[in-house]
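In Swiss-Prot this protein carries:
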BINDING   Cys8, Cys22, Cys25, Cys31  [4Fe-4S] cluster 1 binding site
BINDING   Gly62, Lys63, Gly64, Gly65, Val66, Gly67, Lys68, Ser69  ATP binding site
BINDING   Cys239, Cys242  [4Fe-4S] cluster 2 binding site
Amino acid sequence: MEAPPEHCPGVESEQAGKVSACAGCPNQGICSDPNRKVEDPGKALVAESLKDVKNKLLILSGKGGVGKSTVTSLLTRYLARSCPNSNFGVLDIDICGPSQPRLLGALGENVHQSGSGWSPVGIDDNVCLMSIGFLLGSVDDAIIWRGPKKNGMIRQFLSEVDWGNLDLLLLDTPPGTSDEHLSVVSYLKDDTQPESLRAVIVTTPQEVALLDVRKEINFCKKQNIPIVGVIENMSSFRCGNCGNSSEIFPAKTGGAAAMCAEMEVPLLGSLPLDPQIAKACDSGDDITEIKNSTTEALDGICSKIMSSFS
């Protein structure tokens, strides 16, 4: 098949070959054939590229602004520190809002091409990162792409990056259950090793966030993706002056704990709003040297995550 038009709905869409964007496309007849069997050749390429990646972990949230990208970077730092003999990769598939280069202290780094594909950027001895943020001319450049182009970029990241031997690949996803989620799940699901792809879901305590997180949990259940558990972020705020704790986002309906009990998924732990952590993330500093209740909670959460893959 020839290259699709820019606004192609995608060969897996029910609208394939039927919408105005398909007019004049040489593949329109193929796509609109109700008897066609759609097999994305990219899936085989992804499987070959990731054959040495033991496990994959999707970091998800139905709601934007809950700190999913921040939690991804914190988990990466702590997993790498607690498992120094293991190798970790981070793939930032939040195409329109890539945050990992800043959070992991890699702003301004360049991606290099080798005979094996793109080389991800090294963060630590046992951590590497790939993000579209490395491919932009400026950190302020806007990415205005429709679904098929985003999906094509995700396929390239999965099939054309030289990830090498990884014990765990963490994928920072955009909020919701959009094209990016469907695309990455279709490429990563392996029926022969269903337990190699799992999910962690991030929320905040208030009902407006939990409402969408429930949808994300149901998305995982429908896609048969095992859920390691839920992390409640910004659960409280401890004042650095008086030491008192406050609920910035009151859990009027019981917070993540009540939701997890209702939906029968584990609660991995809770993380407070922490000015020290926020400052370190903004500057891309390693937060593993900070010792407080937040980092203690992170240690416990990371232990549960690694245990789920053993």
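Note: Cβ is positioned from N, Cα and C throughout, glycine not excepted.
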For a quick check of understanding: among the binding-site residues Lys63, Lys68, which residue's Cβ has the most other Cβ atoms within 10 Å?
Lys68
Restricting the comparison to the binding-site residues Cys8, Cys25, Cys31, Cys239, Cys242, which residue's C-alpha is spatially nearest the C-alpha of Val66 (ATP binding site)?
Cys239
Residue among binding-site residues Cys25, Cys239, Cys242 with Cα closest to the Cα of Gly62 (ATP binding site)
Cys239
Pick from Cys8, Cys25, Val66, Cys239, Cys242: which of these binding-site residues has the biggest number of other Cβ atoms within 10 Å of its Cβ?
Val66
I need the CA-to-CA distance for Cys239 ([4Fe-4S] cluster 2 binding site) versus Gly67 (ATP binding site), whole Å please.
20
By a simple count of other Cβ atoms within 10 Å, which of Gly62, Gly64, Gly65, Gly67, the binding-site residues in the record, is least packed?
Gly65
Cys22 ([4Fe-4S] cluster 1 binding site) CB neighbourhood, other CB atoms within 10 A
20
Please report the distance from the Cα of Ser69 (ATP binding site) to the Cα of Cys8 ([4Fe-4S] cluster 1 binding site), rounded to the nearest angstrom.
29
If I take the Cα of Gly65 (ATP binding site) as reference, which of the binding-site residues Cys8, Cys22, Cys25, Cys31, Cys242 has the closest Cα?
Cys242
Given the binding-site residues Cys25, Cys31, Gly64, Gly67, Lys68, state which is nearest to Cys242 ([4Fe-4S] cluster 2 binding site) when distance is taken between Cα atoms.
Gly67
What is the Cβ neighbour count of Cys31 ([4Fe-4S] cluster 1 binding site) at a 10 Å cut-off, with all protein chains included?
22
Which of the binding-site residues Cys8, Cys22, Cys25, Cys31 has its Cα nearest to the Cα of Gly67 (ATP binding site)?
Cys8
